[in-house]
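Enquirer: Next up is a structure, given as structure tokens.
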Amino acid sequence: MESQSRSIHNKRSTAMIPALLFLSLIHGVHCFYLPGVAPEDFQNVSSPLGDPLKVKVNKLTSIKTQLPYSYYSLPFCTPEKIVDSAENLGEVLRGDRIENSPYAFTMQEPQLCTVLCRIMIDAKTAKQFKEKIDDEYRVNMILDNLPLVVPIKRLDQASNTVYQLGYHIGLKGQYAGNKEEKYFIHNHLAFTVKYHRDLQTGSSKIVGFEVKPYSIKHEYEGKWSEKTRLTTCNPHTKRTVVNSNTPLEVEVNKEIIFSYDVEYQESDVKWASRWDSYLLMSDDQIHWFSIVNSLMIVLFLTGMVAMIMLRTLYRDISKYNELETQEEALEETGWKLVHGDVFRPPSNSDLLCVYVGTGVQFLGMVLVTMIFAVLGFLSPSNRGGLMTAMLLLWVSMGIFAGYASTNLYKMFKGAEWKKIAAKTAFMFPAIVFVIFFVLNALIWGQKSSGAVPFGTMFALVFLWFGISVPLVIVGGYVGFKKPAMEDPVKTNKIPRQIPEQAWYMNPIFSILIGGILPFGAVFIELFFILTSIWLNQFYYMFGFLFLVFIILLITCAEITIVLCYFQLCSEDYKWWWRSYLTSGSSALYLFFYAAFYFFTKLEITKLVSGILYFGYMLIASYAFFVLTGTIGFYACFCFTRLIYSSLKID
């Protein structure tokens, strides 16, 4: 599992090719830094005062439970006063809890065997440590906005070093000749701080933060005091910790002595490239080629579909317009016969308007987020930036949701635009909020730092009611005031009877078939996204993801048009809802794939963790349904208006 999760990050630069090509066309752009991610210079120890380095601790994470906990939820060594760092909205929702630590670093001042503190283990403490070790929790730290990583040598990869985010609290093992499983804690940390020196100013910038954790049973002479020197690790005798041959077992009424080393290494890596080692992880070239191959197949299929449709429609329209008499027109079969019913308002038209408006809101949010991400505004160095941007863009796009829903509603000859605007503002967010609230209650029950606090919950409600709802109402007012589009053909007063359909034109079968191709366009990329979310990895393939998103738009549009055309040819004019559900059904396959990923790739065993996984994936699938459904609807809407406006009907 570990090796597979690590193997997905190689050649990230290749995935950024589209973005780099785009950026290379821009001239005269001045350099600037985003707030919070600007470089910081540090003076070395040879200066009158060497600059102190602030080491911060972040949450404890586990890929087995998916429940983050604050660092000080375990009885680690604490500073005199614990100070919380200001977190943005995205960081809070991710469960980040960034706090100060007792680790004292000074720039370019090596430290050897610095004792942090000594604690005694009681029954409660031992149980806490054992539970976290059993669930494979990792400790996350931050130095100059760089996360702590553990370098791991790999002999079977092109790049022989890969990086694991955070270090494990401890491990389980057995003594030689004993089958009983014991719990050992990593109590000695060997830090390596990499820096890049500026030859002009003499200052340095931090470009790497690594650690090697060890479990060692420290020994000392006499009784313990603050001035006690360790015999297992002593800077005066040059004795250092290089292995865990004498590990420290977690036992009741025993002591744990926490210690650490700090080593400084000068690096040729410049500050602007310091994230490359985190993002350019090892991978097989075959994996990249398989992704490209899948995308080329999808492009080829959609190109073929478009060409066939254009040829077929051109022939059908030409034949129909050449008919001379009404009798010949009546003899003609297919989509031409339902021109008097094709624009008849569907059943539950109010609900359709609401979902179309919500889909427009999602489309705008995703599109703008993708553009910002491709341009580098949402890099991993800006923790929580992606989620914060998506939330703010979601509420900002409310004006387009209101406009789209009420304008379509007016075309259906509706008059109560306020009701439609209100439903658009509340329906989707309310459903998501209820699911989110239930999941958050479960997280609260586990006393996890991933639980959203009351203040953040209030902020989310304010974004919804204070910004999103008013914008949807304003957009709804503007959309309803604008004249509705006129139908290209008149609608008959009496509905036409729909003939019996072939088995393959059954609505359920047709809708399920229609979702396969859009899902096929994204399912490989979906593996990367799920792995980054649930296996605690970085995701930075936004250039490639943007291409996949464009292909998804094209695929959703074309498969919906094809099936809509076949439906109209069989004289079934009820295309409104089916066009939405055809491409929207890809969300069903997405959820099934998420379930497959859960049982084959993850090691989640706790019931609460499983409920959280499927709860969040249900929200993601619901959002994907609204997005793809709206794309398919508008594609079919434009298609039907185009072909029926080309007919010569008296």
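Glycine is treated like the rest: Cβ placed from N, Cα and C.
Unlike curated entries, TrEMBL annotations are predicted automatically.
The signal peptide annotation in TrEMBL covers 1-31. The transmembrane segment annotation in TrEMBL covers 286-310, 352-378, 384-404, 425-445, 457-480, 501-534, 540-568, 580-599, 611-644.
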Enquirer: Taking the transmembrane segment (352-378) as the first stretch and the transmembrane segment (540-568) as the second, find out whether 3 or more Cβ pairs fall under 8 Å, excluding pairs closer than 6 in sequence.
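Expert: Checked: the transmembrane segment (352-378) vs the transmembrane segment (540-568), in contact.
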Enquirer: Using Cβ atoms only, state whether the transmembrane segment (457-480) and the transmembrane segment (580-599) have three or more pairs under 8 Å that are 6 or more apart in sequence.
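Expert: No, the stretches stay apart by this measure.
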Enquirer: Applying the under-8 angstroms CB criterion, which one of 425-445, 501-534, 540-568, 580-599, 611-644 scores highest with the transmembrane segment (384-404)?
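Expert: The stretch with the most close Cβ contacts to the transmembrane segment (384-404) is 425-445.
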Enquirer: Would you mind listing the long-range same-chain contacts of the transmembrane segment (501-534), meaning Cβ under 8 Å and 6+ residues beyond its ends?
Expert: 5, 8, 63, 66, 290-291, 294-295, 298, 301-302, 541, 544-545, 548, 551-552, 555-556, 559-560, 563, 566-567, 570, 572, 578, 581-590, 593-594, 597, 601-602, 613, 628, 632
